[in-house]
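Taken from TrEMBL, the feature [4Fe-4S] cluster binding site covers A:CYS33, A:CYS34, A:CYS99, A:CYS128. For A:33-141, the entry in TrEMBL reads domain 'NADH:ubiquinone oxidoreductase-like 20kDa subunit'.
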Amino acid sequence: MYTPDNIFTTTIDKAVRWSRTQSMWPVTFGLACCAIEMMAAGSAKYDLARYGMEVFRASPRQADLMIVAGRVSQKMAPVLRQVYDQMADPKWVIAMGACSSTGGMFNNYALVQGVDHIVPVDIYVPGCPPGPQSLMHGILTLHDKIMDGEINR
Amino acid sequence: MKNNKIKKSKLSNFKNKLDFWATNSEEGGWNISSTDEGSQKMLEDENEKQIKIQTGTEVVDDFVIDEDTSDDERMIVNMGPQHPSTHGVLRLQAELEGEVVRRVKPIIGYLHTGMEKTGEELNYFQGPTNTTRMDYLSPLFNELVFSLTTEKLIGIEVPKRAETIRILMTELNRVSSHLVALATGGMDIGALSMMIFGFRERELILNFFEKTTGLRMNHNYIRPGGVAADLPDGWQKDVEEILKIIPEKLQDYDDMLLDNPIWKGRLQNVGILTTEECFAYGVTGPSLRASGYSWDLRKSQPYSGIENYDFDVPTLNEGDVFARWRVKVLEIFESLKIIEQAMNNMPKGPYKVQDKKITPPPRKRLDESMEALIHHFKIYTEGFKVPEGDAYVAVESPRGELGCYIVSDGSAKPYRMHVRGPSFCNLQALPVIMTDSPIADAVAAIASLDPVIGDVDR
Amino acid sequence: MNPEIISTTTEEYKELIESLKKDGFEMMVDLTVVDWFRKKEPRFEIVVQFLSTSKNSRKTVKVFVNDEDLTIPSITEIYPSANFYEREAYDMFGIVFEDHPDLTRILMPDDWEGHPLRKNYGSGRIPVQFKNAPKVD
């Protein structure tokens, strides 16, 4: 009996994508100002738990998403890379704020000019610092992109 | 011999698998080397002075060693820089003896942003943009101290309304900063509801900040010569709401924590810091006041006309983590008193100094007059010149004495801009409060000092 | 409040600090360095702020350090709070504090070359490319 093989694979694919988006656990990688806004996004008023994301994991082994919240200094860069390497696949990265996206207003010797020099970044969230709404918009965009298959791991 | 070889190959196999799992590549890009930055390690054998500093016995020698434990039980443990309860990217190396912390070495610099170098490239008008990002929990204080230093160098006085707005905004900022300190401190100790509560009440103040300054954090609102904008319409209503809700919520916190046996048991008689040690390590702010010494720059060396307000300086004598927590709660009440007085006595008049060299023309004048447009352009691109000299001004930030030292060479940019962050100094007292107590209390001790790493590393 | 400014030399620096401590200045609140590169000789000016809580007064001590001989006695024995500040001054300006217990870099990585806050050290600015950037649909 002939069955077109694409039907089967797409549905599994979709199920996998859906399950990936619905409980994406972030690792706590708070660095600077943006970390406070990330905490605000996780607490009462903005409530990230609605997207199955309130469990900020302290261990990178248990996390799927790294939200780089804040400026990354030259001294912190190897640490950040190591935390990223320890995360299990599939993994995603959100660069939160101007500093981690591009270096922001601090174009000097101490800062890495954008965290994309070190790790692959999926979503850039602008703002200094981005409000919790911006961060949530970034997260939802990431969900959409995973669902669409734009970001495929 | 043979056995050894087999073992080694097995190990390397295992490592390959590990590499594959971690990096998803056969080559194994992940090597298990540490990211330690060279010699900033705590050594097994340090010199005598270092041991004194790391055991916190430099000032008061209360170091007790239990003779029964052997050296085998000693180990050096690394905590951070990526750790959920070190308040940012602080890294600690601690020598443990069983469960007891014996030596501690704080290692900082993981958030060094080079702000003092950037500060030399920005003119005085842009300066607050830079300094506000240092202590990100109390940004308005950083702007205030930079503006006060610049104003001292120029020798101008800001209008009464600007001063009162500054007091109102900074005291609101003190409340929001202490709320975060209570929230994160509660979370570290295990009172998770405190975390949710603290951030909920902070939103109230941040909404007012957003309305006034346009941003929730990093406002760049207080600038040399006044403030950036006037208070919005109907600001009294918002402040009244804050004044009404926050005391009620603080009462809730007290009901929850003040007589809570777990809270008391975990905090009382933990991490004691005496006045003598505070002086030696330069610890200021709530930590100094919790050790029984009533010292507040708002009372002793007032700024922005804060001497005209009626408030008390809460002081406790215990010097432990509980006292430091309690002082912060009591300080919120005092700050609310100041806010109420500032709200009721808000003078009318300009909110910027009326000096055309320093203040840009108002927005509506730009449409009418070309001179105003040129003037606006000149101030925003070149800034204003500040006479030669140097000045040091300090204010009482939520964490202690926040100072700013500016050297001017007569141009529009500071020749040298240095900020004395209170957290930087307070962090040196960490070995004193962490040593000779169980490792479980270490987190409470760090949280009680309330360090903001942006302020430490700058 | 205007602090009283005292200028001194590297030889008399430590004695002066000791007398300040006896005078009732309990706290050393700040230590920083100003680099007068090609503007003044000697090149480095060390500025130390002291605070007396009992007298409610401040004092500022200024010492000049020569570019050839960057050493100055450490005051960590007198004021333990100077520890981090002297390490910062060493890290950022290369001033060597004699008898400091642990004079290593504090803010920069250990293998960093140069002292960033010196005036002859570039800010490390990377030019931002606005033209010819890849287009985004």
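Even glycines carry a Cβ here, placed using N, Cα and C.
In TrEMBL, annotation is done automatically, which means it is predicted and not curated.
Shown on the structure are the features that TrEMBL records.
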| residue | record | DSSP class |
| --- | --- | --- |
| A:CYS33 | [4Fe-4S] cluster binding site | helix |
| A:CYS99 | [4Fe-4S] cluster binding site | helix |
| A:CYS128 | [4Fe-4S] cluster binding site | coil |
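Fewest Cβ neighbours within 10 Å among the binding-site residues A:CYS33, A:CYS34, A:CYS99, A:CYS128: that distinction goes to A:CYS128. Per-residue pLDDT, averaged over the domain 'NADH:ubiquinone oxidoreductase-like 20kDa subunit' (A:33-141), rounds to 87.
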